[in-house]
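> Next up is a structure, given as structure tokens.
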Amino acid sequence: DFGCSSELAFVVEPSDDIAVQEQPLILYCQVEGIQPITITWRKNGVMIVDSENAFMLANGSLYVSRFQRLRGDGSSDEGEYDCMAQNHYGLLVSRKAKIQAATMSDFHIHPQNAVVEEGGVARFQCQIHGLPEPVILWHKNSMPVNTDNERYTLLPKGVLQITGLKAEDSGIFHCVATNIANVKFSREARLTVSGSHSTVYKDPMILVGPENLTLTVHQTAVLECIATGNPRPIVSWSRLDGRPIGVEGIQVLGTGNLMISDLTVQHSGIYVCAANKPGTRVRRTAQGSLVVQAPAEFVQHPQSISRPVGTTAIFTCVAQGEPPPQITWLRNGQILETSDHIKLKNNNSTLSIYGINQADEAIYQCLAENSAGSTQASARLTVLWADGLPSPPQGVRAETVSATTIQVSWEKPLQNTKEIIGYVLHIRKAADPVEMEYQEAVSKSTFQQLVTDLEPSTSYSFYIKAYTSRGASKASEVTVVSTLGEVPAMPSLFIKVINSTTVQATWEPSIKLGQHEGFKLYYRKVHLSQYTGPVLLASNITAYNITHLDASVVYEVKLLAYNQHGDGNSTVRFVSLRETVERTVLNPPCDCMKDEQNNKTSTTGIIIGIHIGVTCIIFCILFLMFGYRGRLLMCKNVQEQLSTPQIPRSQRSATGLVLNGATRRDRDDRDLNGKQLDMNELERLFPASPSQEQQEKGITSAHSPSAPHDETPISTLPLDEFSIIEEQPDPLPKNPHGSSPAAPAPDHGPANEG
């Protein structure tokens with residue numbers, strides 16, 4: 001019974017068809033498998049009972065003696081038909097066959113009279129709906145149009161194109177539509193060819209462009225494009241996405257119509273028709289979309305399987321099509337309903353049955369369906385059950401050990417224990433679906449297991465199965481227990497100095513800290529024992545500014561996370577603001593504009609401002625002419641001012657701590673030249689621990705951030721604290737390293753220069 005021939009399967013399934021009114025219809029259905037097999041038919045989901053009009057043949061096919069689109073009682077033979085086959089192992093349902101009546105409507109577009117000059121283009125069109133699609137032929141003067149004439153093009157949708165018109169093309173045209181349901185004739189239209197061929201120039205113009213089409217694979221698409229102009233334009237085709245159209249199955253009908261045979265999904269896209277004037281770039285375009293649908297088909301079929309009781313059965317069914325098909329599962333012909341132990345995943349492509357039992361033995365079908373068609377595949381699940389398997393393990397208990405550990409214990413089964421080779425512990429979060437379950441194997445002599453790496457404050461379910469070489473026992477009773485809670489982990493803390501009185505504490509987002517309710521922030525001066533805080537912060541906050549600090553001391557900042565189980569371990573950081581204050585004092589920003597505003601009411605300030613302005617103008621001119629920058633040194637007496645010589649950029653690259661606008665290198669050069677700065681004066685200007693009085697008299701310097709780059713920043717001092725160091729500028733040496741040792745070192749300009 002487990003061979004391939006035992007599988008209940010369809011050899012022939014009913015297919016879509018178009019039936020003719022009052023004519024017989026046969027729907028075929030052939031099945032193989034282990035006998036006896038019963039075949040029944042349904043229409044629109046309702047069982048068909050044999051009658052004089054419709055009955056089943058001996059081979060399982062359905063015979064409809066006289067197909068009726070509409071009967072006197074309001075019923076119709078149109079609809080969706082499927083056949084069902086059943087044997088001892090289960091039930092199968094075939095694909096749905098759509099049966100429609102052959103019809104033909106009246107013409108809803110008739111050809112129209114046309115008057116066209118000689119050499120031009122004429123186009124006639126007629127449209128009619130019908131099932132199957134009517135074949136449309138054209139007649140001229142009651143005779144079929146000669147299709148051997150290259151100037152005459154007949155398109156499948158009922159279009160007649162005539163190019164290069166001649167007087168002989170004049171006549172009366174009509175079309176004839178034919179299908180299995182009927183034959184119909186359109187109204188007549190007269191074509192008149194007037195005058196002689198014109199030589200007047202006309203821009204290219206597209207009379208009719210391509211329509212939007214939706215077709216199915218293996219059909220033929222015709223994209224119409226007819227253009228006029230003088231000279232006659234050249235018609236070309238391209239895809240809007242830039243991909244090549246290709247050559248296989250591609251044909252040009254008439255002067256510019258594109259025909260694509262044996263369509264595939266890859267042919268879908270937007271097609272552009274272009275009419276180009278010969279020898280120029282003058283062109284007109286029109287575009288239309290082509291959508292190619294593909295019926296659903298299987299890439300991977302489900303396979304029949306046999307599984308022992310209590311194990312997991314998985315069926316996989318992968319289908320493709322355009323548009324992508326929807327997958328539905330049936331169990332013995334009925335829609336499969338999911339439950340705790342029956343799950344569908346991956347857009348219904350995977351069916352998983354957990355902890356199978358004898359009730360799960362059935363035929364499972366995968367139905368794939370889209371707007372272009374449907375298909376089905378089936379597989380059988382056989383549940384294996386051997387006599388003499390162990391009974392379920394007894395007395396399952398679970399005890400919480402810690403926030404991440406639970407100990408599970410049990411007793412051996414009451415029956416059939418001799419063949420046991422081991423136990424399997426099934427573990428799952430109580431809130432998770434069954435497919436999230438995992439297992440741990442245990443030796444047959446062990447009756448307890450320590451389950452680790454669990455999550456705190458989480459409920460887990462456990463059950464045990466005993467295994468033999470012939471299969472597994474039924475599952476034991478399920479026990480549920482929760483782990484203990486725990487305090488949050490230490491947060492990662494970072495401290496950033498904002499200014500001389502403010503620091504910012506930041507830490508990692510709370511999601512990394514487990515279950516918690518928030519944070520507690522403390523801070524204090526290191527020489528004090530009392531903390532300021534706690535500052536309680538919500539779990540979604542990751543930064544906090546600590547303000548009004550004393551810049552002269554070191555602070556300790558402490559952060560911890562807390563939850564309902566208590567406070568976690570804290571993270572401690574130390575921070576000092578002294579360096580920020582010293583950096584501000586030693587490197588005061590240069591704000592020439594602010595200084596000028598503060599002193600503009602003073603006569604002395606006005607004089608200094610005039611000198612500064614003149615000097616800046618001179619230095620700007622020198623900069624533009626020679627590419628050098630200016631330097632200006634302000635000294636103690638206003639009456640004496642000195643412009644320092646321009647220094648090559650390479651000689652100004654040395655850096656160092658800025659003291660009153662001069663670098664350490666400047667001071668070393670002065671020492672070598674015997675011009676040593678008065679150390680008492682230096683100590684007075686920059687004391688190690690400035691008093692209040694010195695801070696009030698200290699350096700006043702400012703720099704306007706909005707000052708343009710071509711202004712030279714100026715450092716100024718109160719008038720009573722200027723000193724003059726006069727140096728004679730040296731000519732620039734040809735070799736920077738070959739200057740005379742006796743030459744005075746050039747004074748670098750203010751080191752704060754932008």
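All residue numbers here begin at 1 and follow the chain in the order shown.
For all residues, glycine too, the Cβ spot is worked out from N, Cα and C.
So TrEMBL lists the following for this protein:
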| type | residues | note |
| --- | --- | --- |
| DOMAIN | 8-100 | domain 'Ig-like' |
| DOMAIN | 105-192 | domain 'Ig-like' |
| DOMAIN | 204-287 | domain 'Ig-like' |
| DOMAIN | 295-382 | domain 'Ig-like' |
| DOMAIN | 392-486 | domain 'Fibronectin type-III' |
| DOMAIN | 487-583 | domain 'Fibronectin type-III' |
| TRANSMEM | 606-626 | transmembrane segment |
| COMPBIAS | 643-654 | compositional bias 'Polar residues' |
| REGION | 643-754 | region 'Disordered' |
| COMPBIAS | 663-673 | compositional bias 'Basic and acidic residues' |
| COMPBIAS | 689-704 | compositional bias 'Polar residues' |
> Write out how many residues of the domain 'Ig-like' (295-382) are helix, how many strand and how many coil, based on DSSP.
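Tallied per class, the domain 'Ig-like' (295-382) gives 3 helix, 54 strand, 31 coil.
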> Please spell out the DSSP helix, strand and coil residue counts for the domain 'Fibronectin type-III' (487-583).
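Here the numbers are 10 helix, 50 strand, 37 coil.
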> Taking all residues of the domain 'Ig-like' (295-382) together, what is their mean pLDDT?
92
